[in-house]
Structure formats: C-alpha cells, structure tokens
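K.L.:
Quick paste from Swiss-Prot:
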| type | residues | note |
| --- | --- | --- |
| DISULFID | CYS23-CYS59 | disulfide bond |
| DISULFID | CYS27-CYS52 | disulfide bond |
| DISULFID | CYS36-CYS73 | disulfide bond |
| DOMAIN | 21-73 | domain 'Kazal-like' |
| SIGNAL | 1-20 | signal peptide |
Amino acid sequence: MKYIILFLVLIGLQANLALGSKCKCDCTKYPYSPVCAKELKTGDTETFNNVCQLQCYNCTHMKNYVVIYSGSC
C-alpha cells in the first residue's frame with residue numbers, strides 16, 4: 001500500500017513538472033504594466049503585473065483570464 005501511494009505521489013509530481021515546463025513564465029524582460037483581467041468561467045477579476053504574468057498564471061493554474069482593461073482592477 002505504501003508503494004502505491006508513493007507511486008501516485010511521484011506521478012503527480014512528474015505531471016506538475018511537465019505542465020510547468022510547457023508554460024512560458026520568464027516574465028523578467030517585460031516591464032511593469034498592470035492589467036485588470038476577468039476569469040471567463042467564474043467572473044473573478046485580478047490584477048496582473050503584465051500580460052506575460054497573466055498568461056503564465058493561466059497556463060500554470062488552468063484558468064482563462066482575459067484582459068478587460070489596462071491598469072489595476
């Protein structure tokens with residue numbers, strides 16, 4: 001039983017690492033240019049430092065935020 005749990009944990013970690021590697025999250029070269037975004041499914045709003053960080057967040061959290069205007073929410 002312990003080996004099954006360990007196996008499942010390792011599979012989860014591997015999937016998480018694979019997902020992270022597909023996402024483009026090197027946003028250091030992008031200037032601070034805040035955007036207000038809305039999540040299409042939930043309607044939640046969030047301020048992101050720039051569009052790169054918004055895209056990174058969407059990819060790593062499986063969300064669908066879209067920019068609704070420039071500036072903080």
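Placed from the backbone N, Cα and C atoms, the Cβ positions cover glycine too.
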K.L.:
Just counting, how many other CB atoms are there within 10 A of the CB of CYS73 (disulfide bond)?
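P.N.:
Neighbour count, Cβ to Cβ under the 10 Å cut-off: 14.
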K.L.:
Spatially speaking, which of the disulfide-bonded residues CYS23, CYS52, CYS59 is closest to CYS36 (disulfide bond)? Use C-alpha to C-alpha, please.
P.N.:
CYS52
K.L.:
Just the number: how many Å between the Cα atoms of CYS59 (disulfide bond) and CYS52 (disulfide bond)?
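P.N.:
Pair distance, Cα basis, whole Å: 11 Å.
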K.L.:
Rounded to the nearest Å, what's the C-alpha distance separating CYS23 (disulfide bond) and CYS73 (disulfide bond)? Just drop the number here, would you?
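P.N.:
Rounded to the nearest whole number, the Cα-Cα distance is 25 Å.
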K.L.:
CYS52, CYS59: which of these disulfide-bonded residues has the sparsest Cβ neighbourhood within 10 Å?
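P.N.:
It is CYS59 that, of the disulfide-bonded residues CYS52, CYS59, has the fewest other Cβ atoms within 10 Å.
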K.L.:
Between CYS73 (disulfide bond) and CYS27 (disulfide bond), how many Å separate their Cα atoms?
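P.N.:
CYS73 (disulfide bond) to CYS27 (disulfide bond), Cα-Cα distance: 20 Å.
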K.L.:
If you average the pLDDT over the domain 'Kazal-like' (21-73), what number do you get?
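P.N.:
Here the mean pLDDT over the domain 'Kazal-like' (21-73) amounts to 97.
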K.L.:
Taking 10 A as the limit, how many CB atoms besides its own sit near the CB of CYS23 (disulfide bond)?
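P.N.:
Excluding its own Cβ, the number within 10 Å is 14.
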